[in-house]
Structures are given as structure tokens and as C-alpha cells.
Amino acid sequence: MQPMSTVSSRSVSGVSEGERGPDDFNPQEAESAERRVYAPPPGCVRYRLEVQWDGGGFVGWQSQPGQRSVQDTLQAALPGNVQAARPVAAGRTDAGVHAEAMTLHWDIPQTLRLPPERLQLALNGRLPPDLVVLSLSVAPPGFHARYRCTGRAYVYRVLNTPQRRPLWQGRALHVSSALDTAAMQAAALQLVGDHDFAAFATREERQTRRTLHTLEVRRAGDVLELHIAGESFLRQMVRCLVGTLLAVGRGEWTAQDVARILASADRTQAGPNVPPHGLYFAGASYPMFTPIELPETGV
């Protein structure tokens, strides 16, 4: 994608991350997670994968009986009739949410006897067009896609044009009205940091305090991107944050209104959840482990 002008709001603790689903651990688990030793079961090799998918045809990441999930689709593509545990992802995505680079680990029996590069080719040869393995390697000792992850990053894309654009169908939310990106970024500043995000989460969430490390509004021509990063997120929190900031962009609220909404801890005060098709899981952070170099992605 072309370079974008950026107005940013960053906290001094800046770690990348993204939207939280039930698969993501909460901050209370972090200390105990650090003390654990993660290893594959006897007779298995743990692989690290980076996977990309178009969320339009999936019910989300997690396996659901009788439904088409990313987890089950990967499982079915494993060659050689090998029985392996389900792959584990850095985070869970809901139906319709895309992934540019989701990190997984997968414990596969040694009886498969395929080197990583051939296993990647075999998987991609059996996977459907809307799902691909970008990289696959033997995981370093102690690696765990979920519990060793210290950051998750998401991007929400908005097509801000008077008329819809068919080539962006299913890739971005179309908003025809003008959006004030400077006002949106001023409101975003109210949300960065450690807060109780109950106003932006589903009501069944019990522990609603989270730290938002980064919230940036970027525009490139007709496309507006909202970049959101933190260690863990409440269910549908990112989509609610975006819906609230879009209301600011339309002139319905101000930055002061967003601060009031945050302090209220009342979900009815915040904006609506935006649709999932504009949301992308952008990546996961593992400072303890060597990062994987991936090809540049984007719409």
C-alpha cells in the first residue's frame, strides 16, 4: 500500500497487539505463564506457522461443530492421515475477520517425516484459496503461540468515498460521509493507556481492565486505517472502539465525550460495533523469540 500520513497516539510502553477473543489470556495469567515450560507432547515436533486468510468464508478461528472454521480447515489439510492436536493461535478471530499474519504453533507427530519446507508446500497444496501458510519452521524451545505472545495488533480499514467501490467489497467498511481524522485521533488519545474498558466490551466480560498501547488513525487517499495494539483485548472491544471513533469523525461526539464514555464503564454509552469485514489481525509479538520475516501484505 502507498505511504500514509499519520497522526499517532502512542503510550511510552509501546508493544504491538490486537483484539481479544476468549482464546487470549488475561493479564492475571501472564506471571504464571512466564514460569511454565512449554514443550510438545512426546513423539511430536512443535512448528511455528504464520497464516493468512480471508475471513469472509469462515465462522472464525476456533473449531465449531458443523461450521467452517480456520482451525478445522488447517487440520483437514494435514497430509498423510496423521492424527495431530489442533493448532493453537496467538488469538481468536470472530466470523468475517481477516488475518494478514496470524501466528500459530502446531504439535505434529514425528511420524509425518516431512521437513518444514515440504510440509508448508503440502499444506498449501491442500488448503482452499482463502487460506495460506506464509511461513513454517520448527519452533524454538519454549515457544507457545498464545502464552508467549506479548502483543497483538489489529487494523480496521474504512473506505471513505461518496460511492461504494466493488473491488473493496468484503475488505473494508464503506462510509460515504466525510470523516474528521484529526478529531478521531484526538479522541483516540483519550483511550491509550491502562483503563477499565467496560464501556467497549460485551457485558459478560468480568475483568475489563486492559492496557491499550497504540491507537493510530492513518489516511491514504480514500482509505482510512485504524491501528490498534495492546497485550490482550476484551471480546469485540476493537470493533466498538472503531465504531465510537467513527462517530467522532462524523461530528457526533468530541474527544471529551469519549473520555466521558470511557469513565462511565457503561456499554450503552459507546458507539455500535462496526462490521467484522473491515477488521484484520495484523500480527503478534514475541520479543523472546527471533521474529519471522514475512512478505509485505495489504490490500
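Just so it is clear, glycine is given a Cβ too, placed from its N, Cα and C backbone atoms.
As annotated by TrEMBL, active site, nucleophile applies to D94. Sequence annotations record features per position, and here TrEMBL assigns substrate binding site to Y154. Marked as compositional bias 'Low complexity' by TrEMBL: 7-16. The annotation domain 'Pseudouridine synthase I TruA alpha/beta' is assigned in TrEMBL to 187-287. Summarising the annotation, TrEMBL assigns region 'Disordered' to 1-37.
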### Summary
For D94 (active site, nucleophile) and the residue listed as 'substrate binding site', the CA-to-CA distance in whole Å is 13
### Query
In this predicted model, what is the average pLDDT of the domain 'Pseudouridine synthase I TruA alpha/beta' (187-287)?
96
### Message
Quick check on the recorded positions D94, Y154: which one has the highest count of other Cβ atoms within 10 Å of its Cβ?
### Response
Y154
### Message
Can you break down the domain 'Pseudouridine synthase I TruA alpha/beta' (187-287) into helix, strand and coil residue counts using DSSP?
### Response
35 helix, 31 strand, 35 coil
